[in-house]
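As annotated by Swiss-Prot, active site, schiff-base intermediate with substrate applies to Ser25, with the evidence given as sequence analysis. For Ser25, the entry in Swiss-Prot reads pyruvic acid (Ser), with the evidence type sequence analysis. Summarising the annotation, Swiss-Prot assigns substrate binding site to Thr57, Gly73, Pro74, Ala75 and lists sequence analysis as the type of evidence. What Swiss-Prot lists as active site, proton donor is Tyr58, and the listing cites sequence analysis.
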Amino acid sequence: MLISVLKSKISYATVTGKDLFYVGSITIDSEIMKQANIIENEKVQVVNLNNGERLETYVIKGEPNSKTIALNGPAARRCEIGDQLFIISYAQVDPTRENIKPKLVDLKTGD
């Protein structure tokens, strides 16, 4: 049996762009992705602190050090530029093994 546990969390990511007519996904600055141990095409849950919306999508690598956080496709309707997001990924693990330590990145404090 496997269970889902928190693997990575980017807190207080500010939406910098949105592209309704793109095929889908969330674009994240590749340096932020590296800090959070999130890879391209990884499934993530996106939680919008401004309106309570939650959605699942996959990650596209953005330009390094651009601070890009952009929702694309239909997900663009669920945010506004300037909204604050939590971006969360999970891992499937065997509960009888040692727990993984999640990678937490807080963009508000820089941690």
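Just so it is clear, glycine is given a Cβ too, placed from its N, Cα and C backbone atoms.
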Using the CB centroid of Thr57, Gly73, Pro74, Ala75 as the substrate site centre, which other residues of the same chain sit with their CB within 8 A? Gly24, Ser25, Ile26, Leu55, Leu71, Asn72, Ala76, Arg78
Given that the record lists Thr57, Gly73, Pro74, Ala75 as binding substrate, what is the largest C-alpha to C-alpha distance among them, in Å? 10
Long-range Cβ list for Ala75 (substrate binding site), cut-off under 8 Å, min separation 6+ in sequence, same chain only, gives Gly24, Ser25, Ile26, Val46, Leu55, Thr57
Gly73 (substrate binding site) versus the residue listed as 'active site, proton donor' - Cα distance in angstrom: 11
Cβ neighbour count (10 Å, all chains) around Ser25 (active site, schiff-base intermediate with substrate) is 19
